[in-house]
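*Asks:* The signal peptide annotation in Swiss-Prot covers 1-45 and is backed by experimental evidence. Taken from Swiss-Prot, the feature domain '4Fe-4S Mo/W bis-MGD-type' covers 56-118. Look at Swiss-Prot and you will find Cys63, Cys67, Cys71, Cys104 tagged as [4Fe-4S] cluster binding site, backed by sequence analysis. Sequence annotations record features per position, and here Swiss-Prot assigns Mo-bis(molybdopterin guanine dinucleotide) binding site to 172-176, Ser205, 244-245, 270-271, 291-293, 386-387, Arg390, Asn488, 512-513, His701, 707-709, Asn788, 804-805 based on similarity to another entry.
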Amino acid sequence: MKTKIPDAVLAAEVSRRGLVKTTAIGGLAMASSALTLPFSRIAHAVDSAIPTKSDEKVIWSACTVNCGSRCPLRMHVVDGEIKYVETDNTGDDNYDGLHQVRACLRGRSMRRRVYNPDRLKYPMKRVGARGEGKFERISWEEAYDIIATNMQRLIKEYGNESIYLNYGTGTLGGTMTRSWPPGNTLVARLMNCCGGYLNHYGDYSSAQIAEGLNYTYGGWADGNSPSDIENSKLVVLFGNNPGETRMSGGGVTYYLEQARQKSNARMIIIDPRYTDTGAGREDEWIPIRPGTDAALVNGLAYVMITENLVDQAFLDKYCVGYDEKTLPASAPKNGHYKAYILGEGPDGVAKTPEWASQITGVPADKIIKLAREIGSTKPAFISQGWGPQRHANGEIATRAISMLAILTGNVGINGGNSGAREGSYSLPFVRMPTLENPIQTSISMFMWTDAIERGPEMTALRDGVRGKDKLDVPIKMIWNYAGNCLINQHSEINRTHEILQDDKKCELIVVIDCHMTSSAKYADILLPDCTASEQMDFALDASCGNMSYVIFNDQVIKPRFECKTIYEMTSELAKRLGVEQQFTEGRTQEEWMRHLYAQSREAIPELPTFEEFRKQGIFKKRDPQGHHVAYKAFREDPQANPLTTPSGKIEIYSQALADIAATWELPEGDVIDPLPIYTPGFESYQDPLNKQYPLQLTGFHYKSRVHSTYGNVDVLKAACRQEMWINPLDAQKRGIHNGDKVRIFNDRGEVHIEAKVTPRMMPGVVALGEGAWYDPDAKRVDKGGCINVLTTQRPSPLAKGNPSHTNLVQVEKV
């Protein structure tokens, strides 16, 4: 029988020690993603086994945040209040069938998000300085009027290019409520009705890998489904940590473990931090200095080339630039990859295992052993997460890592992979149309603070402006919907604070959110949004292996306080801006949903009727091809199915990158190269700055949060405390013991947080889980453990992306 947790427990202030006592779960088990604390310690598959009160309703909802999974939630409601949360109980719960999509501990804590004391209750306008969090309550009518009047004024004075939609992924999985990419949001639809807005490209998650592998494979680099690992003999993960980032029953970690049980594939994890993806399930962990993955690959490639472990036939048929046979005529002599690795290229340095060892910290004999294993084991699933690319040299590193799959001919086959992150099967479900943006100009999503500060100085060749040679105006208005990148998730918080404090620069900031986040405190107008539990929507899957699904995210309870849906807000603004009919097309939110669902049923005939789906809660469909294999058609017939690269082949040497390197204006230390070489980038461990700041600081996705979402849920914070991870050798030098308060600092800021002394970190490296809520004192010393106090706003060379894992710091005991 289901054990229901008393409301008194749910409502209580929970200390870490008290949580252990309350749930009877201690030590490592408490933090395990396999548990659903404190809601249930037993998985129940059949609804009939759960007794419900006569006045209790069970309504389907969803967790729609940006974790890489989307999970169904079954809300138990009594008298209009959510009492407790369960997850998917449909299907045969067989890995090879329509298995259950079980939510992790984050999704199961949704009740605590809905009833959180941080909930925004009514519209407010700022009365203090930005960032102080001082607001006064206003009516919805006043809020709409202020926004509409000022937006019209700014468009008249500066043009639509001065209006910017900031990055926000808090409701990434929604259809009506979708918050990213900006062009797919209801705010974008509103702005498109009013003349458009300044767009952005790239994202904080994957800017460098998207740009880097575009020059290798053409477009977004696809990967094999993780379910295809059942055909693999070897799994190699570079900075890929699905055990924490995509840890639900609908996510990659489930497929990884289930598939490995079938194939018994060896798994090697290459990461500065021993992650939960390992946790005893891996066969080998190879710790590596952050930002040196390309050097490791080059050392591996040296062994594979000199010992004839490469797939020469694959390289000759499918690739450009491996050796002189396929090198473009425009390239310099010995400009090919093989020459670079063997030391016959321009630098004259052979990339031996000993050379790589000095850079990476990986012993040379281990590099030789790993090269031989990868080169002689096929098929091999070689993949990279998005941690290695979040560096100053991230674009070029992603191209280097993919070389292991290319050199061994593992691309386009079952059990192999492209070297990118895993792919998945998806259904063609129709989302809300947002019309066309009349403004063609866009900037990197990471450069918006510069666009406020020096917009008209930003150019295409220096700053990556797209659509025109330069910006004409600075950003004067920001829409910040369902996102915390206004301050918390954007790098170099102290610089951002200084820029946003001056309201003569960016004159209007509108924040739409459910909670008083760190970013919400910088709003001029603050609008309270409904949670996913307070409105109707569809939630679509993400990293879902070879079983795609759609969730009916029904309205569970009435909107709390004065909260409104994003559709109602934007419709009311459209009315004041004179574009109501164009925006709504005469439909309510539910009418739009029924309209989109009817279109989706045409594309997916197996979908039930709208009302049947509402009762059913989730629709699942397995990939009819069995396993998704990236670039399979290209492998089978490269002439009939060319890639979208200029050559139609895999471009090891990219003439397009050579042209960019010759024309762009780059600061000293930035490198763009036609080959996937190793370059340290700025602020690496080799930087002279390491004499002052001798530790590398990297980030990771912590299992208690999804970026900053769920960062204010008490039980999750208690179960998985925010701590700085440090190796015992580095701690001993500084007199630091486990649990000590430490200060982490560099020229950009200072953070005070407890230390976690653990051999799970490589010596010379410390780590902070990203997404902790920024909590500064009067001196702007952060007490919340927010890594972005310490990160830099200097962008990466090619993507102009966030190098969040490229940081040098010092650590001292407080």
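Just so it is clear, glycine is given a Cβ too, placed from its N, Cα and C backbone atoms.
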*Asks:* Return the residues near Cys67 ([4Fe-4S] cluster binding site) by Cβ distance under 8 Å, restricted to its own chain and a separation of at least 6 in sequence.
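*Replies:* Once residues fewer than 6 apart are set aside, Cys67 ([4Fe-4S] cluster binding site) is near Arg106, Thr245, Arg246, Met247, Ser248, Gly251, Ala542, Val706.
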*Asks:* Within 8 Å of the Cβ centre of Cys63, Cys67, Cys71, Cys104, which other residues of the chain have their Cβ, at the recorded [4Fe-4S] cluster site?
*Replies:* Val65, Ser69, Arg70, Ala103, Arg106, Gly107, Met247, Ser248, Gly250, Gly251, Val706
*Asks:* Using DSSP, tally how many residues of the domain '4Fe-4S Mo/W bis-MGD-type' (56-118) sit in helix, strand and coil.
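*Replies:* Summed over the domain '4Fe-4S Mo/W bis-MGD-type' (56-118), the classes give 8 helix, 23 strand, 32 coil.
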*Asks:* Write down the Cα-Cα distance for Cys71 ([4Fe-4S] cluster binding site) and Met176 (Mo-bis(molybdopterin guanine dinucleotide) binding site), rounded and given in Å.
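*Replies:* So the alpha carbons of Met176 (Mo-bis(molybdopterin guanine dinucleotide) binding site) and Cys71 ([4Fe-4S] cluster binding site) sit roughly 17 Å from each other.
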*Asks:* Take the Cβ of Cys63 ([4Fe-4S] cluster binding site) and count every other Cβ within 10 Å, whichever protein chain it belongs to.
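*Replies:* If we count other Cβ atoms within 10 Å of Cys63 ([4Fe-4S] cluster binding site), we arrive at 31.
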*Asks:* Translate the DSSP assignment of Asp293 (Mo-bis(molybdopterin guanine dinucleotide) binding site) into the three-state scheme.
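*Replies:* Its secondary structure by DSSP: helix.
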*Asks:* Please state whether DSSP places Met176 (Mo-bis(molybdopterin guanine dinucleotide) binding site) in a helix, a strand or coil.
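*Replies:* For Met176 (Mo-bis(molybdopterin guanine dinucleotide) binding site) - judged by DSSP and reduced to three states - the answer is coil.
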*Asks:* Nearest of the binding-site residues to Asn488 (Mo-bis(molybdopterin guanine dinucleotide) binding site) by CA-CA distance, picking from Cys63, Cys71, Cys104?
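*Replies:* Result: the closest of the binding-site residues to Asn488 (Mo-bis(molybdopterin guanine dinucleotide) binding site) is Cys63.
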*Asks:* Given the binding-site residues Ile270, Asp293, His707, which one's Cα is the least distant from that of Cys63 ([4Fe-4S] cluster binding site)?
*Replies:* His707
*Asks:* If you count, for each of the binding-site residues Asn488, Ser804, the other Cβ atoms lying within 10 Å of its Cβ, which residue has the minimum?
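*Replies:* Among the binding-site residues Asn488, Ser804, the sparsest Cβ neighbourhood within 10 Å belongs to Ser804.
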*Asks:* Could you tell me which of these binding-site residues, Cys104, Ile270, has the greatest number of Cβ atoms within 10 Å of its own Cβ?
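*Replies:* Of the binding-site residues Cys104, Ile270, the most buried by Cβ count within 10 Å is Cys104.
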*Asks:* Which residue, of the binding-site residues Leu172, Met176, has its CB surrounded by the fewest other CB atoms within 10 A?
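*Replies:* Each of the binding-site residues Leu172, Met176 was scored by Cβ atoms within 10 Å; lowest is Met176.
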*Asks:* Rounded to the nearest Å, what's the C-alpha distance separating Ser804 (Mo-bis(molybdopterin guanine dinucleotide) binding site) and Cys71 ([4Fe-4S] cluster binding site)? Just drop the number here, would you?
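*Replies:* Between the Cα atoms of Ser804 (Mo-bis(molybdopterin guanine dinucleotide) binding site) and Cys71 ([4Fe-4S] cluster binding site), the distance comes to 28 Å.
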*Asks:* What count of other C-beta atoms do you get within 10 angstroms of the C-beta of Asp293 (Mo-bis(molybdopterin guanine dinucleotide) binding site), across all chains shown?
*Replies:* 27
*Asks:* Determine, to the nearest whole angstrom, how far the Cα atom of Leu172 (Mo-bis(molybdopterin guanine dinucleotide) binding site) is from the Cα atom of Cys71 ([4Fe-4S] cluster binding site).
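*Replies:* Answer for this pair: 12 Å between alpha carbons.
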